[in-house]
Amino acid sequence: MKKVLNKYSRRLTEDKSQGASQAMLYGTGMNDADMHKPQIGIGSVWYEGNTCNMHLNQLAQFVKDSVEKENLKGMRFNTIGVSDGISMGTDGMSYSLQSRDLIADSIETVMSAHWYDGLISIPGCDKNMPGCMMALGRLNRPGFVIYGGTIQAGVMRGKPIDIVTAFQSYGACLSGQITEQERQETIKKACPGAGACGGMYTANTMACAIEALGMSLPFSSSTPATSVEKVQECDKAGETIKNLLELDIKPRDIMTRKAFENAMVLITVMGGSTNAVLHLLAMASSVDVDLSIDDFQEIANKTPVLADFKPSGKYVMADLHAIGGTPAVMKMLLKAGMLHGDCLTVTGKTLAENLENVADLPEDNTIIHKLDNPIKKTGHLQILKGNVAPEGSVAKITGKEGEVFEGVANVFDSEEEMVAAVEEGKVKKGDVIVIRYEGPKGGPGMPEMLKPTSLIMGAGLGQDVALITDGRFSGGSHGFIVGHIAPEAYEGGMIALLENGDKITIDAINNVINVDLSDQEIAQRKSKWRAPKQKASRGTLKKYIKTVSSASTGCVTDLD
């Protein structure tokens, strides 16, 4: 008996009572034969206003052509996106994290309303990646991700530069390290064309995580956006989705607990973004896999950082592509027993089978260190708890900035206040900068603090101050930084009670973050604290404030 591949779409195309549905489909140009083909949603996060996403419609057309060669019907649709790079440092960043859940909601909506049989998602920028994955997990229909790809490095006066060079140029100009003319030249040359920000920032981090999970084709995460190989990846989309339909392999068959462990190992080795903690928690929630922030610490305790990527290192993702790509790194880890090779992937094969014929990394490469010569012996993503963060926080400690910082609090109730203080020279060596009321509800949307960290680095204070926040950090942030502090200030967390001059200890060796205050003093301050007025009174941010969970559970919006 022939297997039914259009088990969802036939509800509309083969049911005589659905004449209006069929009339509209005929009106789109479908013919009698098309009515019996499986329908594949091709969900692109295309929009013109961002290098990460500007080319995705073109990739979507390549995917549609590939799908239709396999006697399937491709149905392209779009969802929304937010450019973190463009909105960074403004109130627009409040819309970034919530766009992740809007992307998941909108893809789920289109797929479910139109009864598509499978989904190929094409994300480009940071929150696109987990948003698409959360939709795939919720729907649990055959599908996978094609990453839009990484940007090539910019070049200025013979040296490679990227988006973080542009962010740091303002602080460098303020401190006299570069001229205004050099700043202008930097921002004009940092982004040479299509593709996501080139270092191990959030988009590339999540692309690596998705490939390690088995939810994208091999090499997807490291293939540059404008390369021939990215077009070839799109050309494989049709046979890949058809194979998934025929074998009835669904996301929940692939996105298992062991697959998430593979993802956590790879992003640690790669020196990935703190945002991966939030996003992997949310992705796991979408498929009912039990994952907690403590699991990230367990992985960090036994996994080294090996990749010398920007922002704290030298290289960008396109450099890795040139020496074998992400699969070459995973093959090294598999040989070392650090990955679960028996995990199923969207190729229909196991991870080990996918990696069997992948070439090893070149012996003399300087991008990925050998296991016996790590950049850091344990993971850079450290989960810190203590009286400042009883529910946890996430520190990004590469080792270059040290592992323990003791200093006095310099407290700001917004990102803007802190930026003004740096401009006025009011941030000093030894400060623990506190930026609060920037959490999931308080921000709202937990905006990223890349502008403050870039100012700190640009001003030459990277080794001399620490920054803690209930907001997030961009993958481009580096320095002694701790984010995702929970409970957040808006909900009366300890970070709301900190005052200028408080002595704070951040210890990434013992995984603690504490303020030197007695329980009596903390209780006294708590009794005087009053919740601030919500920053959003209507619209999408108002809804987000009402539904978003704590950073310690991934900031999801569909929990009970």
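Numbering starts at 1 and runs along the chain as displayed.
Note that Cβ sites are derived from N, Cα and C of the backbone, with glycine treated the same way.
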Of the candidates CYS52, CYS343, CYS555, the one that Swiss-Prot places in the [2Fe-2S] cluster site of CYS125, CYS197: CYS52
Annotated companion of ASP126, LYS127, GLU448 at the Mg(2+) site, Swiss-Prot, chosen from ASP65, ASP84, ASP502, ASP507: ASP84
ASP84, GLU448, SER474 filtered to the recorded positions whose C-alpha is within 10 Å of CYS125 ([2Fe-2S] cluster binding site): ASP84
Listed recorded positions ASP126, LYS127, GLU448, SER474, filtered to Cα within 10 Å of CYS197 ([2Fe-2S] cluster binding site): ASP126
GLU448 (Mg(2+) binding site) and CYS52 ([2Fe-2S] cluster binding site), distance between Cα atoms, whole Å: 18
Nearest-integer angstrom distance between the alpha carbons (Cα) of GLU448 (Mg(2+) binding site) and SER474 (active site, proton acceptor): 5
Three-class DSSP secondary structure - GLU448 (Mg(2+) binding site): strand
Non-site residues, in chain order, whose CB comes within 8 A of the mean position of the CB atoms of CYS52, CYS125, CYS197 at [2Fe-2S] cluster: ASN50, THR51, ASN53, SER83, ASP84, GLY85, GLY124, ASP126, ILE151, GLY195, ALA196, TYR201, ALA203
Nearest-integer angstrom distance between the alpha carbons (Cα) of ASP126 (Mg(2+) binding site) and SER474 (active site, proton acceptor): 9
Non-site residues, in chain order, whose CB comes within 8 A of the mean position of the CB atoms of ASP84, ASP126, LYS127, GLU448 at Mg(2+): VAL82, MET93, SER96, LEU97, CYS125, THR202, ASN275, SER474
